Structures are given as C-alpha cells and as structure tokens.
Amino acid sequence: MYNIKFLDLLNSNLKPNPQWIFKDPHPILREVTQDIEGNELSKDDIYYLKKMVRYIDVCYHNQAKKYKIRSGIAIAANQVGWNKRATYIHFNDEAKEHHYLLINPHIIKRSSEIAYLNPGEGCLSVDDDRSGYVIRNKKVHVKAYDLISEQFIDQEFSGIIAICIQHEIGHLDAGLYYDNINQQQPFYADPSWTKIGR
C-alpha cells in the first residue's frame, strides 16, 4: 500500500543516540499527532520511520549500552520529533514475539475491565520515572495498517501488548503514561483489577 517496504527500513546505517528522543516537557509530546494521508511517504517520513525502527531494534538486540541509549520496547513518532500517527513495537513476551509498525493506529473499543503493569511503566521521553500503577484497559480493539505484515489490522489485544499499545497510542494522543497514575494513591489497586507482571 505504501511506497516503502519494512525491509527497506532495516537497511540503515543510522547510529542511534540519546538526542534522537524528545524529552518531557517538550511541547511536541503534548500535541495530538496527525494521521498519515495517502500512501506516498516523503523522504522525511521514511527517515523518521528508519530512526524509530533502528532505535528499538538496537534495544531488541541488547545493544543499547553500545550506543549509550536508554533501552525501550516501543516508540511513538512524536518521540523522535515526527508529528504523525505511527508507532513501532518490538519485544518478546515469554515465547511470543510482538512486532508491529502501525500506521494510523486508533483504539476503537476498550474493555471495562482494568489492568495495570507491576511495578509500573517507564518511558524513553520521561527521564524522571514516575512511580505508581498506570491504569489501563485490560483489552483494547485497534484498527491500523501494519507495515510489517502489509495489511490492515482490526483486532483485539490483551495482556502486556495491550498495555504497550495503550502507552504508545497515548503518546500519539498527546498523553504521557503518568497522566494515568492516581496522584493521591499512586499504588492503589482495586481487587477487581488485573495485575500484569510479577
């Protein structure tokens, strides 16, 4: 559909560095990103996609220390200064590999059940980690185009991948994870909520 293949994004000699990541409180992190229109990505668009893929894949292959960057499992476009609706996710959850490059992702339905990651979440754009449980939906239904599988997805996610997707789409909607922490009782958890993690 788009004028670039995922494999073309991998052929990159880019060397990630900490300056790639826009940090809180940079205003771009509080701007709602724009949908990518049409199917012709510009050279600048492709460059940003390459940066996103390169940064996270370096982390996936345990090379973050080599480049002196903070390790992460996913990244949103505005974290590298690109005000467009895209996110790259690459991590293993037990025996399953989660690998998506989502264009124009939108959450169209959320479960009423609540989940949270234990002990909490972190973010490449937030150096001052905020302690507390980040309140998320247990399941989310997402529509997007996945550049890796080259197809539209219209599916429900649960577990840690659902937490990750909500974190990244939160970025695209001008949010940061700590917006969803109970400021009065950061580690409050209702017994009905699902704890994900140890």
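From the backbone N, Cα and C atoms, a Cβ is placed for every residue, glycine too.
Taken straight from Swiss-Prot:
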- Cys123, His167, His171: Fe cation binding site (BINDING)
- Glu168: active site (ACT_SITE)
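Between Cys123 (Fe cation binding site) and the residue listed as 'active site', the C-alpha separation comes to 10 Å. The record gives Cys123, His167, His171 for Fe cation. Within 8 Å of the mean position of their Cβ atoms, the other Cβ atoms in that chain belong to Ala74, Ala76, Gln79, Glu121, Leu124, Ser125, Glu168, Gly170, Gly175, Leu176, Tyr177.
Close to Glu168 (active site) in the fold, though at least 6 residues off in sequence, lie Ala74, Ile75, Ala76, Thr87, Ile89, Pro105, each with a CB less than 8 Å from its CB. Using a 10 Å radius centred on the Cβ of His167 (Fe cation binding site) and all shown protein chains, the other Cβ atoms total 24. Proximity of His171 (Fe cation binding site) to non-local residues of its own chain (separation of 6 or more, Cβ distance below 8 Å) is seen for Leu29, Thr33, Ala76, Asn78, Gln79, Thr87, Ser125, given in sequence order. When other Cβ atoms within 10 Å of the Cβ of Cys123 (Fe cation binding site) are tallied across all protein chains shown, the result is 24.
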